[in-house]
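Q: What TrEMBL records for this protein is below:
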REGION    1-32  region 'Disordered'
TRANSMEM  57-79  transmembrane segment
TRANSMEM  99-120  transmembrane segment
TRANSMEM  168-187  transmembrane segment
TRANSMEM  516-537  transmembrane segment
TRANSMEM  642-661  transmembrane segment
TRANSMEM  681-705  transmembrane segment
TRANSMEM  748-771  transmembrane segment
TRANSMEM  1153-1173  transmembrane segment
Amino acid sequence: MSITTVHLHHSPSDVPFIRSPPSEGSQSEAKEARAQVRCMNHHVVGKKWRPWTLHPVTLLSTALFTLGIIGILEFLQRYSDANHGIIFATKRDAFSTGWNFLFLTFPTLLAVVYSTWWSWIDLDVKRLQPWFELIGNRTKKACCSLVLEYPVEFLAWVPIRAAKRRQWAVVSASLTMVLVLWVVTPLQSGIFNIGPVTTTQNVFVSPPARLLPPSLQSRSLDGSLLNTAYGVTWLGQQLPPFTQPEFALTPFSWREPRTQGGNVTLVANTTLYRADLDCFAPASVFSPPKAVSGTLVVDDGEGCNETTRANNQNGFVTLLCKKYFIVWQYPRASTNESHPKFTARFCTTRYYSQPVQANVSIPDARVLETIPQGPETAVPDDVFNATLFELVVTKGSPPNPPGFPTNFTSLQEKVPRPFDVSEITMLNHDFRERQRGYPPLASILADIAIGSHNLTFDRFVTDTGAIDAASRNAQQLLFALAISMMADGEGEAGSTHPAVITSSLQAIQLVRGITYSVQAVLGMVVLLNVLLAGWYYKKFLPFGSGPNSIAFLVALASRHNFLEYFKPLDREPDLVSRLRCRQATLQNHGGYLSLSLDSVDEQDAVQGSTKGRGLIKDRARTQEQVHLNYVWPRELKLSTGFGFLLVLCLALAALIFLETWTRANKGLALPSNRIITQQIVLNYLPTIFGTLIEPFLVVVCRYLCFLQPFEDLRNGSAKASRTLLQKYTSLPPQLTAGAAIRHGHFRLASLSFTTILANILTIALSGVFVIRETVIPVEFEAVQVHSPRLNRSIVDSLGSVEFGVASGNGEPIQLLLSNVTAGTSLPPWTTNDRYYLPLNITGAQNDSSNYNLSTLGFEGTTDCTALTESSSNYTYDFSLNSDATQIRFQTRETLPNGTEVQCFPPMGMADGTVTFSDGNHPTTQIFASGNSAGRNAIDTFMTPIPGFSIVEYKNRFGCADRFVGFWVRANITLHDKLSIVNGPALTENLGYTTGPSANTTSVHLEKLVLGCKFSTYSAVYNLTVDPSGQVLNAVELPNSTFAMDDSIADVFRVLKRALDYPGDSITWHNDTRARDWVSFFISKIAQSDSLLNPADPLPDATELGYQVSDVIRRLFALTLAVNSDAFLKLSEPLQVEGHKLLVVNRVFLSGTMYKIAVVVLCIDIVVILNIYLRIPKPFLPRMPTSIANNVAFFAASQFAQELGEDTETSLPPEEIVRRLQKSDKRFGFGKFVGTDGAVHVGIEREPLVHSLGNLPTTTRRRLRWKSGQV
């Protein structure tokens, strides 16, 4: 380091009087002084002082608070163990912000505040330790008191150095600080963890429901039983609640649990119902000679002899003598026999009930397990109507309710059956059977029976065991479904039953290992705290206030010739070696305090005195050259600052990089599957980083607190309040910001604020990493094996079972029915909007991941228009006959070329010879049954046909691609007299009986008629599908539309058959039951019956058109789905690139904590950059961080001598400080001629000092940018 030389000239007269050094005392005087020190606490002006932070009450309160934390952790640990958690939520990110803060952020915040509190205690212990050493009961070397610099030493080394000096209070405080800052604070962030748990709750449930009385069971048991059984067997439809294929439970209700998570189950007592089927071979079965084909004479061998007729003997089922009689025909018959062979079985049914303890899932009430609680008993006839149930099973439809009129003479007397289209229509169930090679079956029981096994037809019909087992399975399923439909009765009123709910939740838990570690460390902190309280129990300083300022130190040191030894030491960089052979004490001289410095032995005293006099002699020159080495401590050097700044920049860059990387790459891989390892890596290590930043900033801030008064003094003319009386060193760095701002020390305030932010950074870093589920795409290749074309021969077979729409009631309707009523999943590669060309995904069956790929999508819908009765290009005719039993209906459309197309209801009549009343043509007529009087509605949806009387090509062409539907609200008044409208002879061919009926007297109609034309749309879509091909998401790719092949568009003709004219279901009604499929599906999808309710107004035509289009779109997609094999195969499969979507737990950065950490780091970087770039060049030979270092700066000053003269008047140091505060004296730090006549660098009052800031410009510039001599 270069040295700058500055020459100072003065006259001898300017040199003040130099006192002679004091004579050394005798051994007896030294002993007397030490005796005075030992009794100082008892007689020095009666003053006792210690900071409130070191009061035993404060320390013991801190220990109790720490014990409270240990107790709270123990309570929470036991509570967590007993309840498998503290706070519960359905998923990891479902916890409220308050709970997340309380358990995941607040512990770290509490630890940070606790560490800040302990840093205050630790600071007071360290800064006051020299003073307690000076008044100790045993002599100490000055190097163990006057030169102590604990507040600015690195935290980790303080306990070791204090232990070497046997300063146990400092050991306790600093060791506590190490444990709190570097063990408790980082571990505290990992105490609480979010993880899966299984919890139980005791609840009450309602009593099990009772079955409806047998007389009322017909209201619930209808044809939907068979459609539901088909959906469960073949379509994957979910069973109703409390139902299994083998049995059903009477349902009960419950209150939802407080916190409902995943895998929620409930255990309660209820009743189990099940059926059994005992089958045996009949004694004889034969077909009588010359009998009608299919006639069988049956003898069961138990006295039952019956004759029945089975036209179709494949799964034929009927009731004979209250037993099921089942026939299965062999597929091949011997040519030598006149009749084909068959297998016949008699089956006796039995129905049982049993009390059980059931374990069901919540909220879908799916049965998981049953435990018998009593014996099985037969279900009595007054509980279950077995006859009704078996009739529905064998006949395929429910009987008419009791009292339902079956004899009528006119359509007005024909009452609508109280069933909607899904309850009364027996859908065609041959589609699935034919796919498996079975012939058309004769009963739903047989249809459901074969769904329970995978045997071929040849093996099945010859295996009586398989037939019996399959029949039993079918009967059990049907009975279980029947019980679920009839269990609507109320349980015992006013009573409840105990139950237990078990659920899988995400819970905030305590990590046992980390909790116990924190408790152990806090226990050590309590022990050290108690030791510290005991240490300071009777420890006081003999002051009226704390020795917190330079002025206070001057007042104590300027007495009793203490300064003489320090006068020549103002430029010494290290005073430890100078004071190694000295002992320092704080003595009472005549009632006032003063510092005293004595030699350890006589030889050392002589050497020290001679050396001191030699130094003084050398300095007493009128022209002096002062050599001064300017140094800063390692923490304030520019290289250290830039190194720390580099660490902060790297941390900031790492955070930004990790946040960008995790956002772009779906997070980071977990460091381990072990929770404790995750906590260490993701919580502990980041917190450790934050706690390492804080000690460094604290040390730098403490250095600046020591340096700030000298910074002001070197500028000269400084007030005592801003310099000598400043008490920055008595406060923790985090609390000096306010005082620094009041005195205008903004650089110090900014650094103090940064130390506060370091605590916030620690909190942010403790929670910056979070674990969340995410999806990782992995490239893979799928295979396309089909082309976007259908086999034309299949499309042309419109009514064939390959499309499952035979008799207008087929598989697409069955699928949609199951979907909208029971929530059954749609077939693979199908959505409500379209069907997608399937792709083969290798290995998907054994995987649970989803897939992302692109394929073709086909959509068929309708464009619906509201028809008017006139004044448009698309009109309709609607009128009633005289008794409202016939509707004249037709549509007319004028094409753009002027051609008029007429379409009519599909009555299926080609006989133009039959005459009707009112002169109506047969093809315009719709028969409407039921009483039309009052407010009623009538509605239907049909496929129109061209007229029969004048068959023209234009009509055939124009009516072939559309649907027509009408919905009518009517208010009709009928005459009280009856008249003959149509005689029986005239309507005999129609199958209707007409007799006397009442004519209308007033008719008010509101009509809504829609004409819907079929349209298609196809494009390429990006799909997300599960391993089974269920479409989870679909997005159309831009500019990817293409023309759909005609073979696919022609599927519309199949839909026309599926939605064929519903026959005599058109009826006047005042209920909300749908008699056609389109109206039924619209009501179910919209979950509203307003379309069918006579009391509600007609819907908006546009909205209803959208709803019709939605139904057609779904049916079109389902029609393609059930015939996916009809797509032509490619000659060579195509490879399609896609992505496998792996759901994994990954590490992400918490948005809030990340932003906080980034903001804090940015502020830290700016502040640190400002601190180190603006920190002055070294102007002190040593830092004023100890008593000796400060004393040497003012020992030779005139200012100190003047204060020494004041102290000889027995003024206490506190009074001297108060006087100095009120005075207007100004002070500076620089060169001055000391009381010994030598030139010194230190603190002196103006105008006796040449402050460093007042040197000539050239000199000041050199001092600022260079190290040198003054």
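Cβ coordinates come from backbone N, Cα and C, glycine included.
Since this is a predicted model, take the numbers as computed values, not measurements.
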Q: Are the transmembrane segment (681-705) and the transmembrane segment (516-537) close enough to be called in contact, which here means at least 3 C-beta pairs under 8 A that are separated by 6 or more residues?
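A: No; fewer than 3 Cβ pairs under 8 Å.
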Q: Any residues 6+ beyond the ends of the transmembrane segment (642-661) with a Cβ under 8 Å from its own?
A: 668, 689, 693, 696, 768, 1149, 1154, 1157-1158, 1161-1162, 1164-1165, 1168-1169, 1172
Q: Go through the chain and flag residues at least 6 beyond the ends of the transmembrane segment (1153-1173) whose CB is under 8 A from any CB in it; none is fine as an answer.
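A: Result: 638, 641-642, 644-645, 648-649, 651-652, 655-656, 659, 693, 697, 700, 704, 747, 750-751, 753-754, 757-758, 760-761, 763-765, 767-768.
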Q: Which stretch from 57-79, 99-120, 168-187, 748-771 shares the most C-beta pairs under 8 Å with the transmembrane segment (516-537)?
A: 168-187
Q: Take the transmembrane segment (57-79) and find every residue of the same chain, 6 or more past its ends, with a Cβ under 8 Å from one of its Cβ atoms.
A: 86, 110, 117-118, 121, 191, 510, 512, 515, 518-519, 522-523, 525-526, 529-530, 532-533, 536
Q: Looking only at residues six or more beyond either end of the transmembrane segment (168-187), which have a C-beta under 8 A from one in the stretch?
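A: Answer is 108, 111-112, 114-115, 118-119, 121-122, 125-126, 129, 132, 150, 155-156, 158-159, 162, 514, 517-518, 521-522, 524-525, 528-529, 531-532, 535-536, 683-685, 687-688, 691-692, 694-695, 762, 766.
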